[in-house]
Amino acid sequence: ARCQCKVAPRERMNCGYPGISAVECRNAGCCFNASVPGIPWCFAPRPKRVRKICPSDPQTRINCGFPGITAADCESRGCCFKPRPAGVPWCFYRRVVEE
């Protein structure tokens, strides 16, 4: 999560209080960098980068449609469509994974 703390000094959002220690700051889930005076040293990390993927394991599919939904209807909902195997949803939600 180091790269999440690469935030330009002028873009830092304060995440602590004046005089907060590096340990207290990091324990709060924030970034600490005291190299630039006059800006927050304890600041919020950048949001995690995530991607939505179609899960490969049929058993983890979460139904996003209805029996007989077409691939076009399913994909227009932003979901995944795989018409196999039998007994699992063919139209299913994407999973969010961290990059």
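Cβ from N, Cα, C; glycine included.
TrEMBL records a disulfide bond between Cys74 and Cys91, which is the match among Cys54, Cys64, Cys91. Here the candidates are Cys25, Cys54, Cys64, and TrEMBL names Cys25 as the disulfide partner of Cys42. Candidates considered were Cys79, Cys80; TrEMBL assigns the disulfide partner of Cys64 as Cys79. With a cut-off of 8 Å between Cβ atoms, none of the residues of this chain six or more beyond the domain 'P-type' (52-95) come close. Per-site Cβ counts within 10 Å over the disulfide-bonded residues Cys54, Cys79 peak at Cys79. Among the disulfide-bonded residues Cys15, Cys25, Cys30, Cys42, none has a Cα sitting within 10 Å of the Cα of Cys80 (disulfide bond).
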